[in-house]
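If you check TrEMBL, you get these features:
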- 98: active site (ACT_SITE)
- 137: active site, proton donor/acceptor (ACT_SITE)
- 235: active site, proton acceptor (ACT_SITE)
- 25, 137, 139, 234, 235: Mg(2+) binding site (BINDING)
- 13-235: domain 'Endonuclease/exonuclease/phosphatase' (DOMAIN)
- 139: site 'Transition state stabilizer' (SITE)
- 209: site 'Important for catalytic activity' (SITE)
- 235: site 'Interaction with DNA substrate' (SITE)
C-alpha cells in the first residue's frame, strides 16, 4: 500500500468514485499519510497481519457509507494473518478476502483446505442473514479459460489444482455467482501477471481476482469488469457495479 501511494496508484482508484473499495496484500501497519488525505471522504478499516511486523498479507476497506459493523476472523484459524474483512450494511454483507496461496510446490495446500472449509461455513452463515458481495484475490483460476497455460500448470502450480478449483465450485454451488464469468461468457481476460518473463506484455496471465455475489442479488449486477490498463501492480483492479 505504501508503494502504491508513492507511485500515485491511488489516483486510478479514486477515479472510479466507488462506494466501497477493498484492498488486499496491503503489507503495512497504518494508513500512508497520502492515502489518509486522498480518501478523506471514506470510512477506513485496516486489518494488519501480526506476522513479520505487518509486512505480510493485510487487507483494507474504504467505504463512503459507514458500515453497521466491521469484523475479521476473531480468535479463529488465520485470525493473525490479516486476510479477511466482513462489513455489514443495511441490505448486504461485503466480504473482502486475500485467500492463502497454496505455495511453491503446493506445500500449503493443506492449510488452504482448512481456510476453504472455514470460509465456506462463514459465508454460508452470512448469506443466511443477508445477501453477500464477496471480493478479493481468491488465488484460484477456476477454469481453463481463466489462465493462459492451463496444461502446464494443472496440479503443479498453486491456483490451478483440482482441489482449489473444486473448492471454488463448491462455493458457487452453495448459492453464489462468479459475476465476471456470468456476464462475459468465454471472454479471456486476466487479473494477475507474474513479474517474471515479461508476462504482462505477453498477456500470460491468470484470473485470480473476483467479485462473487449471492444468487438472489445477481440480477442487480450491472457490470463486472477488469481494469487491465491500470498499472502499478502485478494485479489489475476488478470493478463491480450493482444496484443494491
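Note: Cβ is positioned from N, Cα and C throughout, glycine not excepted.
Remember, predicted model here, so these are calculated numbers, not experimental data.
According to DSSP, residue 234 (Mg(2+) binding site) is assigned to coil rather than to any helix or strand. Counting in whole angstrom, residue 209 (site 'Important for catalytic activity') lies 7 from residue 139 (Mg(2+) binding site) by their C-alpha atoms. When the recorded positions 25, 98, 137, 139 are screened for a Cα within 10 A of the Cα of residue 235 (active site, proton acceptor), the ones that qualify are 137.
With the fewest other Cβ atoms inside 10 Å of its Cβ, the least crowded of the recorded positions 25, 137, 209, 234 in this structure is 234. Among the recorded positions 25, 137, 139, 234, the ones whose Cα sits within 10 Å of the Cα of residue 98 (active site) are 25, 137, 139. Distance noted between the C-alpha atoms of residue 137 (active site, proton donor/acceptor) and residue 25 (Mg(2+) binding site) is 9 Å. Taking the mean position of the Cβ atoms of 25, 137, 139, 234, 235 as the Mg(2+) site, the remaining residues of that chain whose Cβ falls within 8 Å of it are 24, 98, 191, 192, 208, 209, 233.
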